[in-house]
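Down below is the structure, laid out as structure tokens.
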Amino acid sequence: MEADPGHSPTAKLQKQGKKLSDALRISAYVFSTGLLMFTALVNASSWLMQNITLGNFWQTAWLEFYDYMEGDEWTIFLIGAALVPALAFWGFNGILLVADVTGKPTFITRYRIQLGKNDPVDRKKLWKAIYTALGNQFFVSFPMLVAMFYIMQWWENTFSKELPTFQWFLVELSIFTVVEEILFYYTHRLVHHPVLYKHIHKKHHEWTAPIGVVSIYAHPIEHIVSNTLPVMTGPMIMGSHIVSVSAWFSIALITTSISHCGYHLPLLPSPEFHDFHHLKFNQCYGVLGVLDFLHGTDKMFRQSKAFERHKVLLSLTPLSESIPEPPRKEE
């Protein structure tokens with residue numbers, strides 16, 4: 001009896017080689033396109049910052065704030081790394097919570113991804129999520145920020161009177177994003193191991209249809225390993241200025257809130273990728289999706305309607321209407 005040539009070692013190697021080749025080709029295309037776009041963005045943004053924001057406006061504002069704080073590095077760090085990001089998080093989620101609880105304004109709720117879910121949200125479940133999120137911020141994130149403060153002091157650049165250039169901030173932002181993608185993807189997959197999932201990550205997945213505040217609704221261990229360290233590591237490696245740290249933390253918190261919010265709103269980044277993860281559990285572990293593609297953990301997602309909707313919405317028509325889910329087959 002002859003062996004099936006499709007299952008021979010040579011065929012398997014060829015198949016794996018083709019998959020690797022395709023992945024490298026797509027990665028090269030993505031990164032080269034991203035580099036061109038990034039270069040154009042840097043040049044355009046630099047011109048705007050120089051000519052429209054009156055040159056040294058931000059530098060002057062920073063020096064005035066620094067002098068007002070009398071150079072107290074701990075207070076400056078506390079405001080920049082804790083207070084400003086927290087206000088950004090709760091300010092953004094406060095708007096979403098109004099929609100979650102009241103179902104209004106319809107301008108937001110009509111863009112719900114999982115139709116019929118959280119309409120309205122279970123208030124008992126919501127309060128539990130809010131208390132947990134606040135607990136994680138005060139009793140987990142804050143002690144980690146204390147340790148981070150001393151690491152950043154060692155760099156002797158975090159509290160410099162001279163702000164980094166806008167070009168350098170964009171470079172740092174790119175590095176922070178890559179570091180977060182790598183650390184979050186692998187730590188996230190780690191907590192999906194059956195042993196860790198049962199005792200740690202299952203808490204976060206109580207919400208199969210998430211809302212914004214659920215982004216930091218997690219077991220304390222998960223909040224340390226998977227939520228906070230991936231975001232903190234980039235600035236600690238780079239020895240970044242406190243203004244860059246504050247901006248990055250705020251961006252990261254708002255972005256993860258969008259990923260969990262349950263609404264695919266116009267002009268905002270698509271939350272379909274991570275929403276699909278909460279729906280299916282074993283898909284879409286990362287932030288950008290690059291590592292999911294390389295590891296094949298987005299195959300089901302790519303075959304779904306959610307993948308077709310995974311884009312920035314540039315119209316007022318909800319994507320749930322223009323690209324609806326196929327009707328369920330009758331049992």
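The backbone N, Cα and C atoms fix where each Cβ goes, glycine too.
Unlike curated records, TrEMBL annotations are generated automatically.
According to TrEMBL, the feature transmembrane segment maps to 26-48 (among others).
Annotated transmembrane segment per TrEMBL: 74-99 (among others), in sequence order. Sequence-distant contacts of the transmembrane segment (74-99) (same chain, six or more residues past either end, CB-CB distance under 8 Å): 65-66, 105, 108-109, 126, 137, 141-142, 145, 148-149, 152, 158-159, 211-213, 216, 242-243, 245-246, 249-250, 252-254, 257, 261, 263.
Counting residues 6+ beyond its ends, the transmembrane segment (133-155) has Cβ neighbours under 8 Å at 73-74, 77-78, 81-82, 86, 213-214, 216-218, 220, 223-224, 227-229, 232, 235-236, 239-240, 242, 245 in the same chain. The transmembrane segment annotation in TrEMBL covers 133-155 (among others).
Annotated transmembrane segment per TrEMBL: 167-186 (among others), in sequence order. Tertiary neighbourhood of the transmembrane segment (167-186): same-chain residues 38, 41-42, 45-46, 226, 229-231, 233-235, 237-238, 240, 244, 247-248, 251-252, 285-288, 290-292, selected by CB-CB distance under 8 Å and a gap of 6+ residues from either end.
According to TrEMBL, the feature domain 'Fatty acid hydroxylase' maps to 175-297. Counting residue by residue with DSSP, the domain 'Fatty acid hydroxylase' (175-297) contains 87 helix, 2 strand, 34 coil.
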Considering every residue in the domain 'Fatty acid hydroxylase' (175-297), what is the mean pLDDT value?
96
